[in-house]
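Remarks on the structure that follows.
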Amino acid sequence: MCTFLCRVVPLGIPTDTMNEDKDSNPSVVLLSTRDPSLNQGPLGSPLRRERSPLKIFCDDEADLEEGKLLKSKDNKLLVGPVRIHNQALLSGLAYCLSSCSMILVNKFVLSGYDFSAGISLMLYQNFVSVVVVSVLSLSGMISTEPLTWRLIRVWLPVNFIFVGMLITSMFSLKHINVAMVTILKNVTNVITALGETYFFGKYHDSKVWTALVLMIVSAISGGVTDLSFNAVGYSWQFCNCILTASYSLTLRRVMDTAKQATKSGNLNEFSMVLLNNTLSLPLGLFLVLVFNEVDYLSTTPLLKEPMFWLVITSSGFLGLAISFTSLWFLHQTSATTYSLVGSLNKIPLSVAGILLFNVPTSIKNTLSILFGLLAGIFFAKAKIRERSQS
């Protein structure tokens, strides 16, 4: 869900989808989400950001002042005078920890606290992202593009989908357990693959389609055997899969036009984070009023609890952390490793979701979840093989 620098790509957008044209430099979000899953590719988006994870691709000779990381010849990351060793392992662990934590914290807020204002939660998380990125930009640690009206007009269609992706991820996560959300996110891969074939004429080999069929089978069998099945939650999750795939496909179409609308002719990941999250604020406020969450917020005692504010603020920082660790991890390894780790990351997340929230399950449902996780790994390996052959 989700879904993500913070919440640009939810945890559920396949890495390969965003990696075919490196020059387009599209990002993973999150928040919603994401995921991007939570492979919606790797874990979502959303949130926020779930993704719905952000897929970020940087050049090796990139300066931190240009909004990217600087990689030295001996493979050490340079941040000012500080050098960090064991980059690949450390960045991988940081990415896994932040992506898993984001989904679990969102689930805890929505279900543990029984918080019924998912749009407001999304809005607050995006606000935290805007504040953090703006502070980093003003301090000179990163660079961002000015938000001109020309750029905003180009980006608005993407942003509408982005907000819808994050909100549906929130709604589904409130009604469905983490393990089933993770498996159902695989449907995003199916929709994305069909969209690639239809809109971009992309060819997929038989192993990829086999993996996609296995994902569909695992989603159906998981829903049939789900002891806590909730039709409303499953409906929101299906909508989230459509929006997450749409976000990925639309981003590919808009990216080049968006670059031309900037003053520098480029749109780095930090700028996309600021752009996406800033534009989501007025739309989020409008939706809060439409869904009448104001009445709920004015009566709930949760907003008087300091610990609740600490938890939801940490969720905003976690969404941003997913994006930074995604950038760091991809810079130290490759999109292939990122994709595999994202798929494997679903396993501890599903187990943690079941154990932490005391999810009622059965042997059949557990086997369905395991089957779906293995199908996700098979899909990642098939896409890696497909890319290597092309």
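Here the Cβ of each residue, glycine as well, is placed from N, Cα and C on the backbone.
Taken from TrEMBL, the feature transmembrane segment covers 88-110, 122-142, 154-173, 208-225, 231-249, 270-291, 307-330, 337-357, 363-380. According to TrEMBL, the domain 'Sugar phosphate transporter' annotation covers 90-372.
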Problem set entry | Surrounding residues of the transmembrane segment (208-225) on its own chain - C-beta under 8 Å, 6+ positions past either end | 180, 183-184, 186-187, 189-190, 193, 234, 362, 364-365, 368-369, 371-372, 375-376, 378-379, 382-383, 386
For this session: State, in range form, which of 122-142, 154-173, 270-291, 363-380 has the highest count of Cβ pairs under 8 Å to the transmembrane segment (88-110).
Result: 154-173
Exercise. What stretch of 122-142, 154-173, 231-249, 270-291, 363-380 shows the most Cβ pairs under 8 Å to the transmembrane segment (307-330)?
Worked result: 122-142
Problem set entry | Averaged pLDDT, computed only over the residues in the domain 'Sugar phosphate transporter' (90-372) | 89
